[in-house]
Amino acid sequence: MNCKILFRKELNDSECELSLLLVGDSDMKEINRLRRGKDKTTDVLSFPLEFDFSPLQKILPKNTSSDQKMFPPIALGEIVISIDTLQKQAKEIGHSEKDEFYRLLVHGFLHLLGYDHERGDKEEHIMKLKEDECLEILQGL
C-alpha cells in the first residue's frame, strides 16, 4: 500500500505487516462483545500489538533497500472488517464496496498506529486528515 508515504515518521521507513480478517456481522458482534464488552456488531475493529514505535527511530536504519534490511517486518496487529456492515454502509453512503473497504482498512490501520478519534476533537480531526490523505492515494491507484 502506498500509504506508507504518509507514515514514515511512525514506521521509520521500516517494512510492516498486519493481519486482516473479514467476517460477517454475527462473528463481528461476538468479537466486539468478547474484546470490548459491546454486544453489537460494528464495521471495523483494530487490535494493535501495543508496540512502541519510538525506539525504532533510534535503532532501525533509514532508507535501506528491502534486501539490506536487518530486521523482519514489524507486526502491527490485526484488523477485523465486517463484510455485511461494509456492504450496508457502502449502499447507505452511495459509494462502491471497494471504496468502503479502503475506508475501513485505512481507519483500522490508523488505529494500529495509535491514532484514536475517541480521545477528543483534536485527535478526531488529526485522524480524519490522515484518513483523507491516504484515501486520496488509494483512489489514484
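The backbone N, Cα and C atoms fix where each Cβ goes, glycine too.
All protein chains considered, the CB of His117 (Zn(2+) binding site) has 16 other CB atoms within 10 Å. When secondary structure is read from DSSP and collapsed to three states, His117 (Zn(2+) binding site) falls in the helix class. For His107, His111, His117, the entry in Swiss-Prot reads Zn(2+) binding site, with the evidence type sequence analysis.
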Self-check item: Cβ neighbours within the same chain of His107 (Zn(2+) binding site) - under 8 Å, at least six residues apart
Solution: Val44, Glu131
Practice problem: Starting from the Cβ centroid of His107, His111, His117, which together make up the recorded Zn(2+) site, report each further residue of the same chain whose Cβ lies within 8 Å of that point, ordered by sequence. | Solution: Val44, Ser46, Gly108, Leu110, Tyr115, Asp116, Met127, Glu131
Quiz item: Once near-sequence residues are set aside, which residues in the chain of His111 (Zn(2+) binding site), 6 or more away, have Cβ atoms under 8 Å from its Cβ?
Solution: Ser46, Pro48
